[in-house]
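**Q** Input: one structure, supplied below.
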């Protein structure tokens with residue numbers, strides 16, 4: 001026997017035995033693995049409103065998703081006590097092995113308390129609005145329609161730092177769709193072509209402009225009279241009293257003047273036609289009405305007879321006020337603070353500047369020639 005042939009056959013590889021059958025190939029290929037189910041596959045619309053409740057308090061989106069998965073809703077959390085909230089958070093940690101951040105524990109309680117305060121404030125406002133609608137007055141009955149909602153300076157609460165990016169990434173698409181639908185619904189046509197804003201199409205209905213009316217006269221058509229304008233200041237005073245009573249009950253700082261807090265309260269109470277720009281714009285006209293009603297009525301009649309617009313009447317209201325200040329030592333702030341209905345309003349900057357300029361003019365002219373200067377209107 002040839003030894004070389006023996007060694008050749010010993011080390012000869014049978015490659016055919018190593019090739020598996022095609023059917024075996026198919027059996028050996030593992031089936032495609034399904035992607036693991038997302039641990040937090042709760043979409044924003046399935047969070048039962050928890051995303052709006054928690055988003056500004058630094059609570060992670062996945063934490064809210066786990067709370068919703070346990071079956072909790074906003075109404076359920078609002079009706080729970082602090083001890084029950086602690087039990088809920090402990091259950092969340094034990095069942096899902098989910099580590100809650102310290103800030104999240106405080107944030108959940110803070111969000112629930114803030115929502116309770118908001119709901120508590122809205123209930124008396126609605127009741128007061130319903131009761132206030134029954135009171136009749138002789139103001140512009142035909143001009144109470146079509147009020148606008150103008151911007152009021154609001155102090156936006158800073159959102160918490162934890163988990164905000166996750167919230168935005170998950171819920172941004174849903175919010176865009178909802179905001180787009182709301183904007184489409186809010187677009188209305190401005191029916192008053194000669195309004196102060198002049199836009200043909202806007203996102204909110206504009207309030208009908210004011211016209212100069214005599215005392216007791218009711219404006220007709222799409223206009224508001226001056227009696228109605230002065231009535232808005234009385235409403236602001238009522239809203240300030242309500243804000244003060246709420247602040248006293250809570251032990252918070254009590255405002256003494258009409259501030260942004262009062263305008264926000266009026267807006268939430270449904271009186272969106274009361275806003276800071278408009279009320280500050282005509283506050284000196286209301287001051288003349290309070291300090292010298294006869295002079296205010298005479299000025300209204302004169303401008304009504306001449307057919308002047310409300311802008312010219314507004315400018316003319318400065319001069320009688322400066323004359324009143326000249327008779328009381330030019331201290332316009334003391335004049336406002338001494339009057340019960342004006343003490344809650346800030347003195348307009350232009351009125352203070354006019355009093356200051358006229359005082360300097362009167363002082364300089366009296367020292368030189370003894371004659372008074374003219375008001376720079």
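Cβ coordinates are placed from backbone N, Cα and C, and glycine is handled just like the others.
The feature DNA-binding region is assigned by Swiss-Prot to 206-210, 275-282, 346-349, with similarity to another entry given as support. Positions annotated as compositional bias 'Basic and acidic residues' by Swiss-Prot: 116-126. What Swiss-Prot records for 131-141 is compositional bias 'Polar residues'. Residues annotated as region 'Disordered' in Swiss-Prot: 116-190. Summarising the annotation, Swiss-Prot assigns site 'Interaction with DNA' to 253, 260, 264, 311 and lists similarity to another entry as the type of evidence.
Help me understand the surroundings of these features in the structure.
**A** Residues 257-258, 280, 283-284, 332-333, 336 of the same chain lie 6 or more positions beyond the ends of the DNA-binding region (346-349) yet place their CB under 8 Å from a CB of it.
In terms of DSSP secondary structure, the compositional bias 'Basic and acidic residues' (116-126) contains 11 helix, 0 strand, 0 coil.
Packing around residue 253 (site 'Interaction with DNA') is summarised by its Cβ count: 8 other Cβ atoms lie within 10 angstroms of its Cβ, all protein chains included.
In this structure, residue 260 (site 'Interaction with DNA') is part of a helix by DSSP.
There are 12 other Cβ atoms within 10 Å of the Cβ belonging to residue 311 (site 'Interaction with DNA').
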**Q** In the same chain, which residue numbers or ranges, 6 or more beyond the ends of the compositional bias 'Basic and acidic residues' (116-126), come under 8 angstroms Cβ to Cβ?
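**A** 78, 242, 246, 265, 268-270.
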**Q** List the Cα distance (Å, whole number) between residue 260 (site 'Interaction with DNA') and residue 253 (site 'Interaction with DNA').
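**A** So the alpha carbons of residue 260 (site 'Interaction with DNA') and residue 253 (site 'Interaction with DNA') sit roughly 14 Å from each other.
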**Q** Within the DNA-binding region (275-282) only, compute the mean pLDDT.
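**A** Mean model confidence (pLDDT) across the DNA-binding region (275-282) is 90.
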**Q** Which of 260, 264 has the fewest nearby Cβ atoms, counting only those within 10 Å, among these recorded sites?
**A** 260
**Q** Can you tell me how far the Cα of residue 264 (site 'Interaction with DNA') sits from the Cα of residue 311 (site 'Interaction with DNA'), in Å?
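**A** That separation, Cα to Cα, works out to 27 Å.
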